[in-house]
Structure formats: C-alpha cells, structure tokens
C-alpha cells in the first residue's frame, strides 16, 4: 500500500516536471471566444418566453396545414379521444372492459369510505366516480390513470372545511362549501394548464411528497379507528396524540367487540388478498375485487344477524339516482367565497401533483408521452363540471390506476366502463348498502392507504440526499403530530428552503490537470489531478445572480487565500494567475458582473491576474455589454482551461 502511494506521488511529480518543461517549447494556437452578434430585443424576448412556457412547441403540428386540418387538430388537442378513437377496435375494448369492471369493483366500496373522510354522505363519493371519469375520458391524455376520489384529498377537504364549518350542525352550508372548493380546485388546475404554468407543481419536491403522503396515510388510518373499534364519541383533531387519547379513553365504554371482530376479520382478508396480488402478478384481480367481496359478505352478515341492534354502526340510507345539479349551491359571493377559494387552491394543487405523478409513472412504463399541461386542463374541467353535478374533488388514484394497468387497459375507455358501472350502482344497487358496517369501510381504507407509506423511498432519499430526507421527515411528522395543512406547509417551506440554499450557496471547486491529458477536473473528485504551479483554477457551478454573486466572489478569494497559505508553508512561489472556469455558468446579471469587477480589483491588489475560461453565449454577451473584457484584457478570455493554463504558464518566471 505504501509503495503504490509513493509511486502515485512520483508519477504526479514527473507529470508536473514534464508539463513545466514542455510549456516553454510550445507555441500554442489559441481559439478566441466567439462573441455572438447582437440580437433583436423583441426576438430575444420572444425566444425566452417560448422556451419558458412553450418548451414542447405545442403548435408544431399546425405548421403548414390547411385551415380545415388546423380545425381538426385543434379539436383533437382539446379532446384527445378524437385522435386515438379513430384506431379503436374490439381488441382494445376487450382490455378496457375488463379493466373498467375491475376498477369499478374496487372504487365503489372505496368511494363510500372516502366520502366519510370528507365528512360527506356516501352518495357523494359515488357521484364523484361517475361524472369526472366521463369528462376525463374525453379530455385526458393518459391511457392508464383511473379517476375518482382519493384518500389524501378527501382527508384534506374534510379537515380544511371542518375548520370553517361544522358538518354536523350546518350540513347544508358544509356541502355548499365543498362544491365551492371543488369548483375553485378545478379553476386552479385548468388555469395552470391554460397558462402553461405546470412547472409550479414541481416546486413540491419528491421527498416532500413522499413524507406528506406517508404522514397522511398514518393520519387516515388513525381516523379509521373510530369505525374500526365502534367508537361513537371521537376527537375532531387529526394528530396522533389526540387520536390515541380519544381511543384509550373510550376503552371501557366505547369499544364494540362485534364491530372489532368484523373489522379485524376483513382487514386480515384484505391484507392477505394484497399479499397474493403482490406475490403473483397474474392474480392482480384478487386484491381488486376483495373490497367488494368484503362489503357483500359483511353486509349480508349484519343483515341476517341484526348486528346493528347490538351497537354495530352501519352506513344507513344512500340516496338512489344520478348526480343532481349543484350549480346554485356554489358560493360565488358572500363570506364563504374566500374560504372555498382558499381550500380549493390547496386541494387542487395536491390533487394535481398526485395525478400528474401517477400519469407520468404509467406513461413511462408504456413508453408514451404525457402532456402535463393538457392533463391539468382535463383535470380542471373535470372538477369544474363535477362541482356543478354534486361531486367533490376527484383526481387520479394510484391504487386504482395500478389495478387498471395490471388489468390490461388500453385507453381511457376503462374510465367510461367504470363510470357506467357506478351509474348502474346509483340507479339500482345503493339500497343494498344500507346494512354495510362502517367497520368494513374503515378496514378497506386502512388497507388502501398502507400502500402510501413508501418506506423504501424514504431510505433511498436518506442515502442520496440528507437535506431531502429532512424535507421528507419534516412533512411526515408535521402531518402526524399536528395536521394535514401544517405538514403541507412544512413540505412546501423546506422545498423552497432547499431551492434558496442551492441558489444562494452554489458549489465551487478547484481544478487540477488529470495526468497525461489536457483535461482539468475537480481535485476532490480526482485526487491524482495535479495543480499547475503559479496558477489557481476555480470553477463556478451555477449562474451568477444577485442572490449569490457576493458569496461566489468571497468564496473564490477564500480559495486563493487557502492556496497561498499552503504555498507559503511549503516555501513555493505564490499564485500569479487565477483562472475562473465559467463553463457551467449559464447566466449572469448586473450584480454578478459587479462582483466580477470587485474580484478583479481585489486580485489586482494582490498582483494576481484574473483569467476567464469558456464563458457561454449569454454570459460573454453581457460581459461585453458591460465592457468587462477591456478591464481585464481581451487576451484574458480563453475557449478552454487548457488554453488559459498554457498561455499563463508561458508568462510565468522560469523559477516557477
């Protein structure tokens, strides 16, 4: 081991000597850095806007097309079903039919349970799986996503609205506020899509979403203990401490053993069915139909034993018929308008984040492109129409979408099939759910939300990025120990804090020459890289803006001071040239240029010359506009670090 280290040091020293001796005999050919021609300001602004909002060039297909064809393409852009519907056939319908029937068997019991999370009557969950999937099938671009109420959004709606209105004492006002929130959730989603602002949802990092979803899953599961244990008086708070206090305070008088028996038996059955589905992918239909089988068996058991007379809580009456109109119930004026708007924006963003993430996941698995902005418009219109037809916020469900994918869905027609089954259920079958025990709905929800706890993703986040893990765990604990909105606030805050930290404190590195090459790389990454005598090379790994320009200037000077201290201690000649590798610098503003000027003045006092390497088109254009090259010298800007080092080395004294 000692011999190999000594050999590496010897090779490093020989490489330095060979470089020093060869530089005197070279007459380098130096490429000049190109200065782009001046662009028209309007054209430059147009290009910037296009790259920001229309990076995917959505109007590309309209070029050089006759007016009639443009009309057809426009309709297809709004209603993708007009495009893929032309090649639809019986083989595809067979796959969609099986998928639609399978997800319908899963969604019906889930919808009844999720509506309780939102503090709404059971029929509103079914309504939300009838109209929204129909609208999405015509406007959505995902082939695999299954639409309907989801646990996290239902809990979010229920929590935020209950803070405004008590659903028990003021049920009518609460219902109207739920429709109002749904309307504004749709407006938010559609607006983001139309204005092509979908990138805003990416500000909520993956790590924060993992933590938020995991915390919400724990909270939802804890909320189900009321129905699972048969407790009548239960806390309205959602934090784990309040819920556990409520559970244990009612041990002596509140728990119902028949309810616990029903819940525990069928929860075991549901978890076993999930295990079978994971073990054998061909048996995907087992966990899909298990909830419906559980509802049928438990309802039949309660009916023949009259368990409701012994304290087993049941669903009760569910209204028959399809969605009644709710246009007149939406608050467009008054005190509740702002409350509905605030709740709708939050719920709409969370629903959008979940749906787009699910859509992208399955699109990548099937290797097709998903237009995020079209998805936002489709989801927005879907919820706007839903708010007018007695629905609350619907979005893409991961569990149903996974079943839909596994069942072999081909197109969004599977959503239409599911919607038709829900319609038939509303028209003819809802009275049969009267004796369905609440315990079975709690068991179904618990088994469904356990899949939202992605501990493997959390472990991977810890391994990759500790700051990301802080965001993940912060969002998780915020939801579990306080509330959904606090957890969401923590997730957003930490995500923005990470962005600010990366913007204000970008990475910098000192570079060395990789042996036997003219390549210069980070010395920490390549310890064998050799420093060039008399020259310090620093790379800035970020755009230079007002937010970080002062830090970058000070950090470069610290690199210089540290290097000079080391050279002084070793009795070596001091630094005479400082080369700043600007290859990663994508942009610079006036504050950045001002910082570079201050850096130049500071170096001048130290008798160190500032040299720039490979500034990009935007950067060199702005540097010339500020007359900065003439300050440091036109001959101090090079195309590559190698060119800069070679030229600077020729100017160094022989003793260096």
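Cβ coordinates are placed from backbone N, Cα and C, and glycine is handled just like the others.
Unlike curated entries, TrEMBL annotations are predicted automatically.
Looking up the ranges 283-304, 305-326, 327-348 in TrEMBL, the one annotated as transmembrane segment turns out to be 283-304.
Note on TrEMBL: of 255-276, 519-540, 541-562, 563-584, the range annotated with the feature transmembrane segment is 255-276. Of the candidate ranges 93-111, 112-130, 207-225, 226-244, TrEMBL annotates residues 207-225 with the feature transmembrane segment.
By the count of Cβ pairs under 8 Å, the stretch nearest in packing to the transmembrane segment (283-304) among 145-162, 174-195, 207-225, 416-433, 439-462 is 439-462. Sorting each residue of the domain 'STAS' (525-648) by its DSSP state yields 63 helix, 21 strand, 40 coil. Contact check: the transmembrane segment (174-195) against the transmembrane segment (255-276) gives fewer than three Cβ pairs closer than 8 Å, residues 6 or more apart, which falls short of the contact criterion.
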